[in-house]
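Written below as C-alpha cells is the structure these notes are about.
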Amino acid sequence: MHRACQLVGARHVQAVIMFFSAAVAFCTRTNMSVAIVAMTKKTPGIDVTTFDWDPSRTSLVLSSFFWGYVVMNIPAGQLSQRFGPKRFLAMSVLVSSLFDLLMPMCAMYGDWPGVCAARVCQGLAQGFLLTACYELLSKWAPPRERSRMVSFFLAAQPFGIVVGLSASGALAGSPAGWPSIFYVTGALGMVVGIWILFGVSECPAQHPSMSEKERQYIEENFGVAPSSERKRVTPWLSIVTSIPMISLVLAHCGHSWAFWTILTKMPTYLDKALGYRIQDNGLLSALPYVIKYFVSFAFAWLADFLNNGHYISLTLNRKIGNSVGLWGPAIILVVLGFFQNDSNTCVLMLTLAVALNGATYVGYNINHLDLSPNYASTLFGITNAMANIMSFIAPLVVGAVVSDETNVSQWQTAFLIAAGVSFIGNLVFVIGGSAVRQAWDEPKKSNPAGDIHLAENGSKQTQTGTPTTVEAHA
C-alpha cells in the first residue's frame, strides 16, 4: 500500500475529531477541581459570590460527576454498538457543555446540591463519550497503527486537563472570577459538538470522500475485520467469566483510584497544604499533564515498534506498559512521604508520577480493542463503569482521611492508599492479562484477502495457523 495512505488519511481526521471531543470533555470534567477552590475562597479584588462549603461538601461536589457517569457506561456501550456511535458522541459533548454554561446559575440558586445535580447530569452525558469513541476506533484504528492512534486519542485526556486546569486558574483569578471558567469551557464544547455532527463517519464504508486505497489499507491491516452487524448478540457470560477481562477490569479500577485522587485533589493539596496561590495553582496542577501528554506519544511509538518488529509478544508489550504506568506512580506516591516539608520536591514527584502514568495508554487502555474489536465499546463500558465506582469513592475517602486540609501527613495517608490500590490492580493484570483476540469475539466477516487474522506478535496467520510475512508499516 502506498506510503501516503499510511501517513495521512481520513482515519486520521476521525482521530483528530475524537481527540478534541475528549479534550473538551475532560476540560469540562476537571475544571471543577480548580473552580471549587475559587468558589470557596474569597479572592481580593474579585467581586463574585463565594460559598461556605466544608471539606465533606466539596468532596461531594467533586465526586458527584461520577454518580451519573458510572450509571451510563454499560448502557452507552451497548447503545453505541447497536445504533452507531456518532449521535451519542455528539449528544455527550453538547449536553455536557450545556450544563457547564448553566453551572453558575445552579450554584447561585441551588448552592452545593444544585451544583451536584448539574454535575450528575454531566456525568450521565459523558458516560457515552469514551464508549462511542472506542466503537469508532474499533473500525478506524488498524492493528499496526493501533498503539499510536489510540494513544493519540487518549492523549486528549491530559491535553484537556492541561488546558482545563491552567485556563481555570487564570480565569478564576480574572475580574470575571470563577463563573467564567464554566462559560468558556461550555462555549468551546458547543463548537466541538457541532463539528462531530458534520465531521464523523461511523466506519470507513460510510465515509463520503476517503480514497479506495486507504479503505483497502485498513481492511488488509484488520485481517478479519470487525463485524459491521449492529444487532449481533453480546456474549455476556463469556465476557464476565473471561480471566483476561477480569484482569482488565481490576487494572482499570486500580488506575482510576490513583488517577482521580491526584486529579481532583491536587489543586486543594497545593492550595491548603503547600500554600500556593490560586493563580499558580492551576498552572502547577496542569504541569504533570503537560509532561504526560508528550511522554504518552513516546510510549505509543515504542509499543508499535516492538510489536511490528516482533521483538516481544503483544501481551508482554501491554503488561510492560501497564506496569510502568501503574507501579511507577505507586512507588513515587510512597516515597512522597519522605519529602513532606519540601513543597517543590513534592510538586516534582507528583509531576513524574502523572507523566509515567501515560504508559497505561499502551497498557490496559488499549487492551479492550486487543481482546475484542467487535465488542470493544461494551468491554470499555464494563471496565469504565467498575473503574469509576473507584473514581467517586476515592475523593470521598480522601475527604474522610484528610479532616485538616493543611495537614501534610493526612494527605500522605491518602496518597499511600491510592498507591496500594494501584499496585494491586496492576499485579492482577500482570498475572491474568492477555492481548490475544478472544474466541468469543466471533468475527462475522472476513476481508477480501481471505479468512486471516493477526497473530499476537503482529504477523498474519491463515486458517491453518501458518504465519505469513507482512510489511510492518512501522
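Placement of Cβ uses the backbone N, Cα and C atoms for every residue, glycine included.
Annotation comment: TrEMBL describes 458-474 as compositional bias 'Polar residues'. The feature domain 'Major facilitator superfamily (MFS) profile' is assigned by TrEMBL to 17-437. Here TrEMBL flags 442-474 as region 'Disordered'. As annotated by TrEMBL, transmembrane segment applies to 12-38, 88-110, 149-174, 180-200, 236-263, 283-303, 324-341, 347-366, 378-402, 414-436.
Beyond its flanks by at least six residues, the transmembrane segment (283-303) meets 33-34, 147-148, 150-152, 154-155, 158-159, 161-166, 169, 262, 266-267, 270, 276, 317, 321, 324, 347, 350-359, 361-362 of its own chain at Cβ-Cβ distances under 8 Å.
Sequence-distant neighbours of the transmembrane segment (180-200) (same chain, 6+ residues past either end, Cβ-Cβ under 8 Å): 13-14, 17-18, 20-21, 24-25, 27-28, 31, 34-35, 38, 86, 89-90, 93-94, 96-101, 103-104, 136, 164, 167-168, 171-172, 174. Per-residue pLDDT, averaged over the domain 'Major facilitator superfamily (MFS) profile' (17-437), rounds to 86.
Listed as Cβ neighbours of the transmembrane segment (347-366) (distance under 8 Å, sequence separation of 6 or more from its ends, same chain) are residues 146-147, 150-151, 154-155, 158, 248, 251-252, 255, 258-259, 262, 266, 270, 274, 284, 287-289, 291-293, 295-296, 299-300, 302-303, 317-326, 328-329, 332-333, 335-336, 339, 383, 429, 433. Note on the transmembrane segment (414-436): residues 243-244, 246-248, 250-255, 257-258, 261-262, 265, 313-315, 317-319, 322-323, 326-327, 329-331, 333-334, 336-337, 363-364, 367, 370-371, 390, 394, 397-398, 401-402, 456 of its chain, located 6 or more positions outside it, place their CB under 8 angstroms from a CB of the stretch. Within the chain carrying the transmembrane segment (88-110), a Cβ under 8 angstroms from the stretch's Cβ atoms is held by residues 18, 21, 24-25, 28, 31, 39, 49, 51, 76, 79-80, 117-119, 121-122, 125-129, 131-133, 136, 178-179, 182-183, 185-190, 192-194, 196-197, 200, all 6 or more beyond its ends.
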